[in-house]
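Everything on this sheet refers to the single structure shown next.
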């Protein structure tokens, strides 16, 4: 509603003695001038600019006679000021203008500037006037004056002798006697006033009073703390004609403030609270409306230590009240008690170092024009002694503080047509929450407030029409789009009175003192009247509204002295020539637009409906307005000023289903009128015969139905929101009426629809009013999105930038910098809960189902469950009819039931879990439901619940179920958590945090995170688990870390063995199902020690039973195409090996993705080593390796010049380190030289492309080579054969042949390989001839293999070359300790030369070993 902005400003008064410091400020009725009182001084200040104009100083002699000045009161026309003094005198000062055309301050413009001296009202608006103060009259009332109050043309004065004086402004009593309060009868209401009691004691007098014009009486506070309301029975103001009413329960009143618009009397009390009363229309009694008080919950340390209420002031628009206390502090409240600001907490009360500040004490305050400023005279009071010396220097030059505010448009223009956007207006700028919209429409334009612009989002204007703007637009960020109001318009029309935004959020119009101006968010331009005389000739009286591209406003024409209704087109020039003008009979107070109708409320208490339509006659487009209907409201409205808002709505007590013509349901069904906080509805009277208009004559459409007598819908209403949009899916929300009720929160008048369009019961209500509390002040409602938008003050401390003794910067130390932030809140859970409380579960279900697509709907259900649980489970008394079972049953209707319950439980303390699960069901059953629904993450959350509520055995049992399911589904993160969880259960701990990674040199990790070293094969103790990143400096196959004590003291830990058994079982199942890809992911993600396990399972699970099935499954899993025979292969020179070396190197170069050489040094020593290693491998051992995944793109690379050997980049294939086919820079010499003499024919290129096409994706190739290496190290030669067949590389077969020749290999395995290859050969002959060429190539190796098999090597004799013991006797990580001279995957003939192999190549291969299966996506990337 109202929000503080920035720091307060300080206005310095003339230097004088501390005794002359100001203590009272009072604005004139127009709030253009301020009277400031000191003990013997009266000063007049101007509001804009805020400057001192004139000061009257009382001579010392007369000052002694009169006593010090106390209070000041302005005459309604601002020509006189009455000042009361301590000795009972009233001094009347006349304010006169200095003769001539002189001003105190004038703006100086350069020559040729557009501000012309001939502008109407130029001097009056731009210059501070020169005034004189002259004391004209002195009146002695012979008793201390307690209160002054201006009443119409008289001055009402209350004195301490218990008298009320009615004095004429010329200083005469007109012969009227003073009224003695003891003669005024008081009672609890007006009906019993004649027999009322008198005050009954002699020293009674009025301490404070204020006149209420709309109640025609005085709210008074007596010196004994009682409060009351005195009203004259007739127009005569005599003791006989006065009587009073008072509430019995207020005995500690201190001050009073009256709100004329809402007819409220706010009484400040000694307790620090404010009691707000209204008058009962029927009995005249004073009824308590609400209280304004700080709560212990919000302000635990200060709520009852504020002292008495000292001052209260309602804002000029009567929408907020500001309250101060005796011990300091300031708070701001809305009309019906919503707290907006309080300076007793947060950054206002505490410094940045945590020490407490003394609250600001306020001696006097007064609102400035339109509520943009609050003038405050502060008494710093008992400040800290360390800064008292600085404050003395401040007191020497007394000052006035100006607090700056920005406010919601709803305070002054509540009938704004766009109700889904928040628009705030400040003194010279506007804040709105749709800033991102314009950027996408016109990207070239840039805002001067670029810091308030969010990132570009989809334009909400794209769909056009009246559709709801997207959430991204209205909620996208916390910043505002700030529009600076045109300075040209402000100079002569300050202050801004009204503003409005159109339905699409593209255009804003503002109204100042005269005329109006509008701004486009798309073009970033203001449009002002070209003829300034036309602007200065109109005063907008009743606000303004947008209708499509038109601005509709009610104004007063000064020249013609005529009330008018005008319509201006946005796109045309701002000129009366393009306006449509309709004359009005009386002054328009409020204006609103609904669909194609304009509704106005006039000062004669009548409502007039107009139709508005677009007219395109001739070159100029205009809008035509015609009167449709007039409704007199004078019977129901005691004073026109009491009407806060008037709107046409489509809301009625009957739903569209029950109307005889459902299509009329969204038409103008009723008038909503906010009368002093009382919401009144007048519906169309459909009881008469003219319900249906059968003929479609346009004239008949003008015959509108009359309105029924008004019905009161709600009390204490501040704002109303409704929409005429229709949406069949969300009828509940769009046909509802939303009310803001201040401290009572919000209310919604919700329609109730029968299910499945059945006929409603006649005895059931078709609408229901549901109250609910929200934590923000609502400023807009997003109807479809079930959201309330608002704003909230935030503060920033800058006191640390200044030293304590720096008195000049004291304001920045005393006050935080205030900013306004956007906020929003979901309200759907409140409504659902209210419906369930009222046994309207069916309606709640319909409403919830219509909102189930909202992104925060799960949060809505969770909030509802959580709030009901907290309330009922913590209640001290038994609840006869608990709501929790109903809510639980309601939530089960939605698929998110399981998540909602567990999320609620996880956010609730453990003590409430039993109460929750007694209502929603046993957590074990819910866990099993999650497993059946394959919702493993939710099941994991239930596991934590079970761990706390059940014995460890039950937790372990359920954890095992979940772990096995997670393994099957490849949820690796969950698997890791489950392993930790299971281990924690076994060790009796509630939770075991993950081990902290040790520091590792980053030079060789290449940015990859490898999990293998985490060793989640948990038979070892936690302290032995190395958790570092994978060290590429170690040997390829085995990770680093002190894991040699694998079967050490913890080997009997049943929990670790239990987990290991599950991991082994899963690995065995994967291998038996030939799911090698899943096995690789499993090993890489969970750090499963695959090699050591395969060594043990070599003759069991790791044995290939059916080579053909394995081959087919690998082709399918790795997306590897079956080979085909190219048509040209018969004549291809490649087949005969003519260009085998060059072609092989070319193709192999394409398979060598440079990223795999993570940081392979291309230094000379490494090149030499690599060349020496490769020199031992003759080119004849290589076959064509076409392992490229890049397809046709790579063919271009064949034909482009290859990089020279001087390049720093290594292009060798890291994937082939397990064989002897790697290449480094040295080999490109041969390729480069041979390539220049080589000319490939078309058929040869076709052959190359065919070979490329028969390879699978690059990722698959990397993964297959990783697995090949693993199986080679583990000695699973049959799997190596299968992978070699898929890759179609005879070098792999050669390696296996070398291994079988050089070591004692299991004869059964060799026999299995031989049988398997024969089966593959048969299968290739019948089903897959594409394999035949490769099988023919490796025939010699197969024959050698047959010879070896016949030798029948003993099965147990096989050991990997590097292992001295069987795997059972060594640590699974023992491979790390092997020397570089032995490598299980290097053929025997190359073992000797492998000493020279760069260790970096092994590191690269190790990186490759771990990388392919890391994140389930198998993406390879270098960081």
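Using the three backbone atoms N, Cα and C, a Cβ is placed for every residue, glycine included.
Taking Swiss-Prot as the reference, the stretch among 437-463, 464-490, 491-517 described by the feature region 'Disordered' is residues 437-463.
The phosphoserine entry in Swiss-Prot, when matched to the candidates 393, 1037, 1189, 1210, corresponds to 1037. Looking at 1019, 1203, 1394, Swiss-Prot tags one of them with phosphoserine, and that residue is 1019.
Looking up 1015, 1031, 1128 in Swiss-Prot, the residue bearing an annotation of phosphoserine is 1015.
Within the set 27, 1017, 1131, Swiss-Prot records phosphoserine at 1017. Swiss-Prot records phosphothreonine for one of 119, 992, namely 992. As a summary of secondary structure, the repeat 'WD 2' (304-343) carries 0 helix, 21 strand, 19 coil according to DSSP. Residues belonging to the repeat 'WD 1' (64-103) score a mean pLDDT of 90 in the model.
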